[in-house]
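So that you can see what the record holds, here are the features copied from TrEMBL:
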DISULFID  175-184  disulfide bond
DOMAIN    143-185  domain 'EGF-like'
DOMAIN    298-339  domain 'EGF-like'
REGION    342-363  region 'Disordered'
SIGNAL    1-30  signal peptide
Ligand SMILES: *[C@@H]1O[C@H](CO)[C@@H](O)[C@H](O)[C@H]1NC(C)=O
């Protein structure tokens, strides 16, 4: 019995929730529609005004005979002119525009022939008062309520009122950069109120050294930004991260202080640790380099009194930071020894320089 009755009830419930969902979407859609409908209407009236100007010039012959004047004044308010203007109101591709035009062409005609003189502002008469898709500037929604702040200065001049000038939207403010709050009178972090009363607020950016502040200089910080610290005059000054005993950088890097931060730069290759750029800023010289007058320079191992390439028929070649031992011309490396090349190979390689080399320490 119960099982039987739940069936239809459930179905009704589902149906109801479906209907309410559809209704909800229609409400959301309608809100969006009102905004875009106003845009469409605005476009129509803008194009109307353009067409109006264009047809005014187009049909002026240049002469001013009485006949021409009469003809002209007749054309000015004629159906022909209206039709010429209406032709240019919508792009053929704009479905919204053409639908609105079709639906309300009669009202445009009414304005053209009967209301124009008393209501010269077409947008106001047509979009706001007659087909009611727009609102006066600074107002929004179905009843054209004033935006937050006032219709004269929506969001107190520091933001955009949702739906402003349309029959849609909820009138809430989206504040310009630097401002926040329902009324766009508060300043975001990093900004301070240069001027403020109940209806007016000017937010200005704090000094770069401040996280929060009450004024524009680094003496007006409430709190310093990371990378700055208060000195004994309560001014935010740059932290020199590089002056601390333990450098924040790697061993083969030096520390470069910047405003509010620092960076780590690679030491010169000739250094083993350094305090700055170049071979004369080394803390110690890298292997294979020696200190000559405060700068690290390559050691020529081949000129040392103690020979470094000791095998027979071996020659020493200096390299940057090291050296190599090679077999002399006409000799080649075989089993760690330099042996004379065979005659046939010699001919083929006569022009080539030493081909077999071996890094020091491996021979
Ligand atoms: C608020 O300040 C603005 C700008 O300084 C000024 O024009 C306005 O009259 C002030 N309003 C009030 C209520 O004090």
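Count begins at 1; order follows the chain as displayed.
Cβ atoms here come from the backbone N, Cα and C positions, even for glycine.
From a predicted model like this one, the values you see are computed outputs, not experimental measurements.
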Most Cβ neighbours inside 10 Å, all chains, among the disulfide-bonded residues 175, 184: 184
Arithmetic mean of per-residue pLDDT over the domain 'EGF-like' (143-185): 96
Number of helical, extended and coil residues in the domain 'EGF-like' (298-339), per DSSP: 3 helix, 20 strand, 19 coil
